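Worksheet: the structure to be examined is printed underneath.
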Amino acid sequence: MSSTTTLSARASAGTAPAPALWSSRLAFILAAAGSAVGLGNIWKFPYITGENGGGAFVLVYLVCIAVIGIPIMMAEVMLGRRGRHSPINSMREVARQEGVSSNWKVIGWLATLAAFLILSFYSVIAGWTIPYIFHAVQGDLAGVDADQAGQMFGNLLASPVELTLWHTLFMALAVLVSVGGVRHGLERAVTWLMPALLVLLIMLVGYGMTTTHFGAAVDFLFKPDFSSLTAEAVLVALGHAFFTLSLASGSMMAYGAYLPKGVSIARTSLTVAVMDTGVALMAGLAIFPIVFANGLEPGAGPGLIFNTLPVAFGQMPGGSFFATLFFVLLLFAAWTSSLSMLESVVKWLEEHGIKRAKSAVFGGIAAWMVGLTTVLSLNVWSGFTPLDAFERFEGKTLFDLYDFLTANVMMPIVALLTAVFVGWVMKKASSQEELGAGTGHRLWLFVLRYLTPVGVLVLFLYNL
Ligand code: PHE
């Protein structure tokens, strides 16, 4: 990992008590990467890429990560480090330091609400990985074809009872760890999780190369065809940049609150973003060869990886073993992400005098209850599309709406407000104190002042 080399170089330069710096910076990178890498990379990125036509969408997504995502991540980590509280109270604290209205804490409120809503459906989707672990262990995936894989997934979605069971189990798992405080255990888990996940993805990409459709997948992902790019696709790409980097949800602010002074926010943010993007692209390269080789539909929606990966595992030697490992890792990746969503809520409750354990249980139960509506929207309520009156939301189930409203409406708004606050309201000297003065800082400020607000506003207008 590049961070390691940078760190050892720094440590040997002997500027500060090196070991402390080392572990803190690494600890933050691991926690932040654990938050960022999750279902967004492996489950969501491939299916929205499929739905939005491939290459051009991927390119826009990469531009959004680089130009808007990374600067916003820096801004959020910085706000967290200056505020040293939950996102809501960090915003209040920073506003106080800056001598401006405490109403800016609305950024924290909206972000926390987004995290809460995301957690509610994220837990349902993460739950899907559990029955697949069992399928893999029992050898059910051996030799399955695309039809059988589709049927297996269909059966799962059709059962509210089963979905509720896995949703409950997953949420319990998240709450359990959150009770102990995210910083314990998380570090160690993520240290092996990331490399293991990467090895498995490389294997899957290797498998993809053995199919005759690898070239088609590469073309699909990296050959942009701008004629197929819609305004909505651009908004989805932007929303996904926030979602996948855990921005605009308080998570990065909450983790930034634990970041020691003196650690480079720019470099750590860049490291996390690069890791996150790498995992997403690998997932795409793993999945699309299977999609094309089996004549599946790239735009098949949220079930995409569950309809495709079992086919690949079913055919490769040692498939049951690797499938088990893969779904376990996916579960872990989702779990470290869900912890960071809970963190914004739990920390805020704690600041109101509620004990950590109680806060975690309370936050978890509340999100679990909202999650039940997602469970039902996958079967019993699949015809319930309450916002049909608006063209934009036509045909969207409750789950579709939660997903769309969080990633494509709330998150861009939070990011816009954050950009305005940091770019225009906060004193330049304050952000310089955190990030250092110089060309980098000027460029960053320019992006937050002009590019992010204008970009988000133009996209909203186009999508009205
Ligand atoms: N970044 C996570 C993922 O890609 C999702 C997430 C969103 C986590 C918001 C925290 C906050 O799976």
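Easy rule for this one: first residue shown is 1, then count along the chain.
Cβ coordinates are placed from backbone N, Cα and C, and glycine is handled just like the others.
Quick look at what TrEMBL annotates:
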TRANSMEM  26-43  transmembrane segment
TRANSMEM  55-75  transmembrane segment
TRANSMEM  106-130  transmembrane segment
TRANSMEM  163-182  transmembrane segment
TRANSMEM  189-209  transmembrane segment
TRANSMEM  229-258  transmembrane segment
TRANSMEM  270-292  transmembrane segment
TRANSMEM  319-339  transmembrane segment
TRANSMEM  360-381  transmembrane segment
TRANSMEM  401-422  transmembrane segment
TRANSMEM  443-462  transmembrane segment
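When each of 26-43, 106-130, 163-182, 401-422 is checked for Cβ pairs under 8 Å to the transmembrane segment (229-258), 401-422 comes out on top. Counting Cβ pairs closer than 8 Å and at least 6 residues apart in sequence, the transmembrane segment (401-422) and the transmembrane segment (55-75) reach three or more and so form a contact.
Comparison of 55-75, 106-130, 189-209, 319-339, 360-381 by number of C-beta pairs under 8 angstroms to the transmembrane segment (443-462) places 55-75 first. The stretch from 26-43, 106-130, 189-209, 319-339, 360-381 that makes the most Cβ contacts under 8 Å with the transmembrane segment (163-182) is 360-381. Counting Cβ pairs under 8 Å that are 6 or more residues apart, the transmembrane segment (360-381) and the transmembrane segment (189-209) reach fewer than 3 and are not in contact.
Within the same chain, residues 30-31, 33-34, 37, 217, 275, 278-279, 282-283, 285-290, 309, 312, 316, 322, 325-326, 329, 332-333, 336 sit at least 6 positions outside the transmembrane segment (189-209) and bring their C-beta atoms closer than 8 Å to a C-beta of that stretch. In summary, the transmembrane segment (270-292) does not lie against the transmembrane segment (319-339): fewer than three C-beta pairs, each 6 or more positions apart in sequence, are under 8 Å.
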